[in-house]
Amino acid sequence: MKSVEIINIDVSYGAKKILEAISLYADKGEILGIIGPNGSGKTTLLKAMSRIVAPDSGEVRLNDQSLATFNFRELAQQIAVVPQDIAISFDYTVREIVMMGRHPYIGRLSSETARDLEVCDRAMHLTNVAHLADSSVHEISGGERQRVLIARALTQEPKVLLLDEATSNLDISHQIEILNIIRDLTGSVTVISVFHDLNLAACYCDRLIMLKEKKIVAVGEPEDVLTRETLKAVYGIDALVKPHPLTGRPYVLPIYERTAKDRPTERVHVVCGGGMGSDLLYALHKEGFRVSAGVLTVLDTDYATVTALGIPCVAEAPFCAISPDARSELERCIDEAHAVVITAMPIGWGNIENIRILERRRNKPIILLNSKTQSFQDFTGGEAEAIVRGLLDRGAVEAERVDRVLQILRETA
Amino acid sequence: MSRRRLIAVPILICILLASMILAVALGPTSISIWSLFNPEITWTIIWSPETGLIIRPLGYDADWMILWEIRTPRAIAAALVGCALAVAGTAMQGLFKNSMADPYILGTSAGGSLGAALSIVLFAGAGLPIFAFVGAAIATFTVYTIARQGGKIPVETLLLSGVALSMLLSAFLSFLMYTSGRSLHQIMFWLMGGFWNVSWDDVFVAILIPIGCVAIYLYARDINIISLGEEDAIHLGVNVERLKQILLFVSAFLTGIAVSIAGAIGFVGLVTPHVMRLIVGPDHRILLPAAALAGGILLVWSDTLTRTFAGDMPVGILTACFGAPFFIYLLRSRMKA
């Protein structure tokens with residue numbers, strides 16, 4: 001059942017159009033997240049739902065009834081809003097602020113009933129502010145004040161809870177604490193929340209709505225909305241989207257630097273595996289080297305890195321030895337490369353070909369990235385170690401850190 | 001609402017009553033207050049269009065005259081005017097979520113004074129309370145409209161537009177004084193504020209003040225909520241636009257009545273809510289009655305002191321003497337915060 005439905009609304013402040021042709025709905029009891037860059041109209045969309053702004057055209061409906069037909073008190077019994085921190089001018093106590101949530105239920109000539117007090121107490125217990133009831137709202141921390149505002153919203157006993165980046169001023173532990181409280185409400189309460197943090201949105205929302213420049217660009221479950229393509233199109237960032245290892249929800253990992261100047265003449269082949277090459281691959285990619293990698297099995301962590309960075313790679317099926325096809329592909333890569341970097345990695349019978357192949361390429365500059373924390377692990381009973389030692393004897397250079405590797409590559413270019 | 005804070009109201013009632021009795025007893029002429037309660041006096045109530053309402057005992061003497069005709073209405077009027085200004089100030093501070101609002105600073109009093117002066121110059125003082133109220137209301141809504149920027153009322157613009165309008169209205173008042181020499185002394189009175197020609201007639205106008213106070217008290221819970229901000233108040237089910245109109249209208253009404261009785265007395269509406277907020281907390285359900293009573297006490301004492309020791313100096317001078325430094329202190333502590 002649709003709890004909130006927006007049918008084709010346009011909203012503007014004066015002559016400035018803020019939202020255009022927005023249609024969406026929220027099912028009863030779900031958590032709907034609104035995401036999008038600054039200035040995309042997220043907060044205005046929330047204000048249209050709480051009737052702070054009226055749409056120029058179109059309609060907002062609550063439980064199949066037009067929002068415009070509710071009076072102020074009726075609306076406050078249905079919809080509660082948790083703002084981003086508010087400036088409270090006077091020295092109210094926590095209990096006084098929370099009790100204000102009962103305002104839509106108390107008549108002008110009446111005062112609070114026992115039931116009002118009970119609802120207020122329950123909300124304070126739920127949000128863990130009961131112990132602060134008699135403290136001044138100016139004496140408590142930002143996280144506590146935010147919990148007080150949530151308690152006040154719960155005291156309204158709303159059917160719909162709107163949150164405007166209600167946790168963005170808080171540290172991560174308070175964000176999680178508050179979002180957990182809100183998630184526990186679902187079923188009975190429809191939650192619509194603006195999020196700044198995409199990963200929190202992905203973790204807590206059933207569905208997401210992504211806005212860009214006044215319009216909705218994507219709607220759906222988090223994994224459908226948060227993709228590399230939409231992030232590029234909406235936020236203009238390059239980011240990896242991975243399933244969170246524990247929750248399975250999409251997790252956005254921005255690639256912080258953009259590719260620098262191109263260095264097209266210098267081609268580097270990286271032999272790596274077991275996740276030992278990721279930082280090197282990223283550094284080379286960032287510095288503009290033309291990089292190739294392999295042979296890697298498709299389950300390898302380093303394989304995930306090269307696909308994320310778009311680096312050409314010789315791939316092999318998991319748990320297989322290197323096939324003749326892969327081997328000749330590797331030879332081609334190494335021949336084309338200006339230099340080869342071998343990172344410390346576990347070497348077994350499956351991937352020993354990767355280094356054995358170098359024994360016959362005496363003129364190729366070879367760098368071994370072999371730090372104190374990261375060293376070769378030999379699972380071949382000494383053979384791999386012998387090869388590595390042989391390479392060093394024939395002039396391979398050892399480097400302890402990634403930036404040293406980059407320096408050597410620049411010098412040999 | 002804690003019981004400890006609730007107890008402040010009966011205490012303040014007692015202090016106000018005691019203050020009023022002392023105000024009647026104290027003065028340059030020492031008279032025993034007990035003569036008021038002489039059981040041998042027979043009371044008469046006379047009303048005629050020429051004299052208005054007269055309540056006096058048969059065979060009264062000069063002492064009686066001073067106590068009953070001068071000091072008693074004066075004490076009652078001072079108490080009620082103090083209530084009116086304090087309640088208007090409290091409502092404005094809550095509405096503008098700004099503890100520096102006050103009918104004097106926001107130009108409401110100046111508007112009321114100009115209205116009163118116009119009624120004196122044009123109609124020989126006929127309908128003076130109505131003129132004062134209309135002037136106060138126009139001034140309040142003008143300041144409110146000037147200060148409002150995109151749905152918000154920033155503190156700075158509010159204070160500045162109040163000051164600017166007050167100056168303009170004072171200029172009009174000076175112009176009236178300059179052009180109509182005959183009522184100069186009368187108009188001077190509206191500028192300074194005082195109770196020296198208060199009579200029982202004024203007390204009957206002042207009966208309207210408790211009505212205005214009760215009207216504002218009905219919205220005490222709404223004022224609590226709007227003091228968190230207008231958007232927040234809408235979310236909590238308050239009809240913000242209507243509430244603002246009601247509060248501004250009733251505040252202007254209270255200030256207009258106060259001005260029509262005692263002229264523009266400043267800073268009572270600023271200081272009282274502030275001090276009471278420290279004592280009973282910010283909940284307007286207690287703050288409004290506490291501020292009303294404290295405003296009454298403040299003005300009764302201010303009037304008694306000026307009347308007794310300063311040769312009937314306008315009381316507005318005294319309230320400005322302690323109110324203006326208090327205002328500067330608030331401004332400084334705001335800047336530090």
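Just so it is clear, glycine is given a Cβ too, placed from its N, Cα and C backbone atoms.
Automated prediction, rather than curation, is the source of TrEMBL annotations.
For reference, TrEMBL has these:
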- B:75-96: transmembrane segment (TRANSMEM)
- B:117-146: transmembrane segment (TRANSMEM)
- B:158-178: transmembrane segment (TRANSMEM)
- B:199-220: transmembrane segment (TRANSMEM)
- B:246-272: transmembrane segment (TRANSMEM)
- B:313-331: transmembrane segment (TRANSMEM)
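The recorded stretches the transmembrane segment (B:199-220) and the transmembrane segment (B:313-331) do not share 3+ CB pairs below 8 A when only pairs 6 or more apart in sequence are counted, and are therefore not in contact.
Long-range contacts of the transmembrane segment (B:117-146) within its own chain (CB-CB distance under 8 A, at least 6 residues past either end) are made by residues 103, 106-111, 153, 157-158, 161-162, 164-165, 169, 173, 176-177, 180, 183, 186-187, 190, 205, 208, 244, 248-249, 251-253, 255-257, 259-260. Long-range contacts of the transmembrane segment (B:75-96) within the same chain, counting only residues at least 6 positions beyond its ends with a Cβ under 8 Å from a Cβ of the stretch, are 16, 19-20, 23-24, 102-104, 106, 108, 153, 155, 158, 195, 198, 202-203, 206, 209-210, 212-213, 216, 223-224, 226-227, 243-244, 247-248, 250-252, 254-255, 257-258, 261-262, 265, 268-270, 272-273, 276, 284, 287-288, 291-300, 302-304, 315.
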